[in-house]
Structure formats: structure tokens, C-alpha cells
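Pulled from TrEMBL:
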DOMAIN    4-174  domain 'ABC transmembrane type-1'
DOMAIN    301-507  domain 'ABC transporter'
TRANSMEM  116-136  transmembrane segment
TRANSMEM  142-161  transmembrane segment
TRANSMEM  225-246  transmembrane segment
TRANSMEM  252-277  transmembrane segment
Amino acid sequence: MIRAILAGTLTLLASIGLTATSAWLITRAWEMPPVLDLAVAVTAVRALGISKAVFRYIDRLVSHDIALKRAGQTRTQAYRSLAEAPSDYTVRLGRGALLTRLGADVDMLTDEVVRALVPAGVCALTSLVAIIGIGILSPAAAAVLALGLVISGVLAPWLSARATRRREDARALTVQEHITSIDRVLADAVSLRIREQLDNALEDAEVASRRLAAAEEPDAPAHGLAALSTLWTVLGVLLVVLMTASDHSPQWVGVLALVPLAAFEATTVMPAAAVAWERARGARRRISELGVETHVHQRSTTSDSLTLSAHDLELCRGTLGTINLEVPFGERLRITAPSGAGKTTLLLTLAGILEARSGEVSVAPESVTCISEDDHIFATTIRDNLALGAPDAADEQMWEVLEALGLAAWARSLPEELSTVLSDGAESISGGQRRRILLARALLTDSPILLLDEPDEHLDDVGAAQLEALFAAPELPGTRAVRTVVVASHPRAGAGDAGSGQLPVLAFDQG
């Protein structure tokens, strides 16, 4: 950090020296001396101009090296905290909050180095040297300059920091809402288009973008104060110069008139530095809270039974109302409800991941596996993606599951079959293939109870019917032949009972 501050200070001192030398050169040339009298000044101007660029490059190189190392260390610690947290922590935190912590908040800590700490150190050293330099020429002008630098470099940033502190929590929430809305459009555009909800999602994202732009607007009074202090300080120094000009040379007048302008280059960034500092404080607090439970999560799931039942269950969000259900071990159930009603929330509550507002779920929590519609496909081999469900699964089991799900022919057509790398993760395959791989991963687990969120989304009618028949069968492929399967989906036409090849349906309306 010290090297970056020194490099930044030398950059601005080169700028001040360039201004002072140029002022002396202009006023001395006006007197038309012999050319050789100006040779040293001309060379100094060239040297200082080059030095400014060189020191600026060193400043950027060193400060960004520090900032990027800090970002790497912060992300490593954040991921370590998440890895050590309970498995349900990230689900309860939410995608938007998670992306904000690992993205925008880490970037703010990076900005703290480049935009706050280094500029503050550079401002302090540069201002001190400038005041001393001007004080040698004119103590009165130095006093005026010192007052202006204090206003511009201390008071204005303090006002910016205070304003930022008041609205930082609201701004951070706006950033999280913006990231959530953008992530929804990017991650689920196809489903939103099919449900005719894409336009609404895009409108929500646009509204969130406008709110974020408004929240990011700089504090105008503080920036205005910094600009005014520069103006009035320069005018004050000029007044001192005019009052004492008759006693000094033109070169003295030129240097005093122009150097204060260069000195304020160090303070103009301080209001923004104060904002970066305050935002970094909030980001540091939010990142430090990753993996830390603010309260003890009381699971609503109890009992050692493999019968899945819910009694007077009210969810923490959604519009499903009071829920009562019972699914004996080995049975099937399809839960249908409109989009946004709370189907995913219900599955997460049944799995013991989310807390219920009231009521109770009776089941052994460790016996349940919940497969979400946005579970991740990693940029690795098909085998590794399937092995997440069962690390010790043999290739024969994987082929059995893929055959049952209609993916075996596709996998065998690939150059390296199960060893084929999905280089772009989920982007390497279609939406239907992604769903089937997630289902294969679930069937390879040893969990007696599977909760599946929208497993037939992105499948055509034939594929959805095949999947329906697979789940309705008394025995399933994979690690366990007999399981309980609960499927959450949108309402489907023609739902009947298990005897007709359809799953029993528990349907919810909008309320």
C-alpha cells in the first residue's frame, strides 16, 4: 500500500512541478532572455511530463495488484465460509443475496484500495508538500491554500460519507434486487417466454435498473462544495498575489497563480473516495456475515418416519394457504399450482431447508433430497455431473438411469460418451437435456424421498409423458427401486390417477 501511495504522490508532485516550471518558463520567456537561459526549464518540463506518465503507470500497476490480491483472498474466504455453513444456508440466503455478496460486495472491497485508501494517502502527502512549497513563496497564500484543501479534501468527503452512510443499506438492497431481476431473466428466459411472463420480468429488470441508477447518483452538495472550495481558494490566492505582486518578480506571480490549481487535483477525488470507503464498510460487514447464522434455524421437519406428511402447514411465502398432506413411503404425488404461488417454497419446506410460518412437517430430514429447477450443471464431464448424486456410482448405474430418461442414445453419440466435458456447463446442452441430467443425478442418490421441482419443464409432450410414466411405475431405475416421489409443476391437462399412467394430483388455485 505504501508503494502505491508513494507512486501516486510522485505522480501528482510531478504534475505540480510541471505546472510550476511551465509557469516560470512562460513568464520568463515573456521577458525575452537568451535562449540558453530557458534550456534547463525546457528540459525540466519534458522530464516532468514523462515522469508524470511513468509514475501514474506505476501507481496503477501497484494499487491494482494489491486490490486484485485482496479480491482473491476475500472471495476465497467467502467461499470457505459458505462451504463451512449448513447445507441449507445458501438456499435460505437466496440467489440475489449470494450473487451480491460474491460479486458486487467483493468489487467494492477492491474499489476501496484503488478509489479510497490510495487516493486518501496521496491527497494527504501531496497537499502537505504543496502547502510547504507555496509557504516558501508566500505564507499568506499558503494559509489560503491550506484552508481550501481542508474544505475540499476533508469537509466535502465527510459530507459525502455521512450522506452515503444514511442511505447505504437501502442502496445495497436495491443492488440485490437489481441482480436478482437480471439473474431471473438470464437464467430462466425460455421458461418465462413459455409462460408469457418474459415481458413482465424484463419490465421488472428495467425498473430495478432505474432504481439502481438513482441510488448510485453522487451526493451533489458535497461535490459542489469541493468545486466551490477550489474556485474560492484560487481566487483567494490570486487576491494575495495581486496585493503583493509589486514586490516580486513575474515568475513568482505566475507560479503562485497556477500551482494551487494543480494542488487541487489531489482533493477532487476525495468525495468519491469517501463514498467508496463507506460502501466498502457495508460490503465488508455483509461478507463477514456469510455463513453466520443470525438465529438458530428450527427445522419444521420431525420424526424418523419415511411417510411424508404436513399438518396445518403455512409457508413463509407464497399463496398456497394452509396445507395438509400425507404421502406414504413408495407413493407418488404431483403438486400443481400457478407460477409464483409457492411450489418451490413448499418443496424446500418439506425438505426442512426453509422454515414454515406455522405447522409441522413429519419426516426424517436426512431421508429427503430436493432437486431444484435451477440446480447447477458444472463445466466438467457428464460422469462427474452425475456423480454428484452418488460419488461411488458405477458407469452401469449411470447408463441405466440415462436409458430410462431417454438420454443414453445422446450420450453414446458423443465422442467420449460419459467422459465428454460439458465445457460451458448448462450452456453446452439443451434445456431438456439439462433437466434429464438433474433427474439422473437425483435417481443415483440413495435418498428414499425425492422432491422434484418442475422436472418436465423444457420437455416436449412426448418427453413429458415418458417422464410421467417413469415416475408412475412402482419401481424406479437407479440406486433405489422403491422411493417416494413428489413432483411440483404447473397445472397439466388430463391429470388422472396413477393407474392410468398419471400421478395423483394435489392442485392449488391462486389462493
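Glycine residues also receive a Cβ, built from the backbone N, Cα and C atoms like all the rest.
Because TrEMBL annotations are produced automatically, they should be read as predictions rather than curated entries.
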Closest-packing stretch to the transmembrane segment (225-246), where packing means Cβ pairs under 8 Å, from 116-136, 142-161, 252-277: 142-161
Same-chain residue ranges lying at least 6 outside the transmembrane segment (252-277) that approach it to Cβ under 8 Å: 12, 15-16, 18-20, 22-24, 26-27, 108, 111-112, 115-117, 119-120, 122-123, 126-127, 130, 133-134, 137-138, 141, 145, 148-149, 152-154, 156-161, 164, 218-219, 222-223, 226, 230, 233-234, 237-238, 240-241, 245
Integer average pLDDT (0 to 100) for the domain 'ABC transporter' (301-507): 78
